[in-house]
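Engineer: The following feature annotations were taken from Swiss-Prot:
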BINDING   THR13, GLU14  Ca(2+) 1 binding site
BINDING   GLU14, ASP17, ASP19  Ca(2+) 2 binding site
BINDING   HIS28, ASP35  Zn(2+) binding site
Amino acid sequence: VMNMWPKVKLRVTEGWDEDGNHFEDSLHYEGRAVDITTSDRDRNKYGMLARLAVEAGF
């Protein structure tokens, strides 16, 4: 993210779900999923953000 968008930070909005906000079989209940966005919340970046996550091994 730093290399792609120098002034933008990665935001983790949720990693573990205790409140039941995700689908029943979500990996959030096992602590194996995260919800992420960018600090500027620009939805146009989400496709590239997903590609960067895959390249990083997620």
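Even glycines carry a Cβ here, placed using N, Cα and C.
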Engineer: If you count other C-beta atoms within 10 angstroms, which of the binding-site residues GLU14, ASP17, ASP19, ASP35 is the most crowded?
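Structural biologist: That would be ASP17, with the highest Cβ count within 10 Å.
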Engineer: Just to confirm: which same-chain residues, 6+ apart in sequence, have a Cβ under 8 Å from the Cβ of THR13 (Ca(2+) 1 binding site)?
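Structural biologist: Correct list: ASP35, ILE36, THR37.
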Engineer: Using Cα coordinates, what distance in whole Å links ASP17 (Ca(2+) 2 binding site) and HIS28 (Zn(2+) binding site)?
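Structural biologist: ASP17 (Ca(2+) 2 binding site) to HIS28 (Zn(2+) binding site), Cα-Cα distance: 5 Å.
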Engineer: Whole-number answer please: how many Å between the C-alpha atoms of HIS28 (Zn(2+) binding site) and GLU14 (Ca(2+) 1 binding site)?
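Structural biologist: One finds 8 Å between the Cα atoms of these residues.
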Engineer: What count of other C-beta atoms do you get within 10 angstroms of the C-beta of HIS28 (Zn(2+) binding site), across all chains shown?
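Structural biologist: There are 19 such Cβ atoms around HIS28 (Zn(2+) binding site).
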Engineer: On the three-state reduction of DSSP, what should I expect for GLU14 (Ca(2+) 1 binding site)?
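Structural biologist: Its secondary structure by DSSP: strand.
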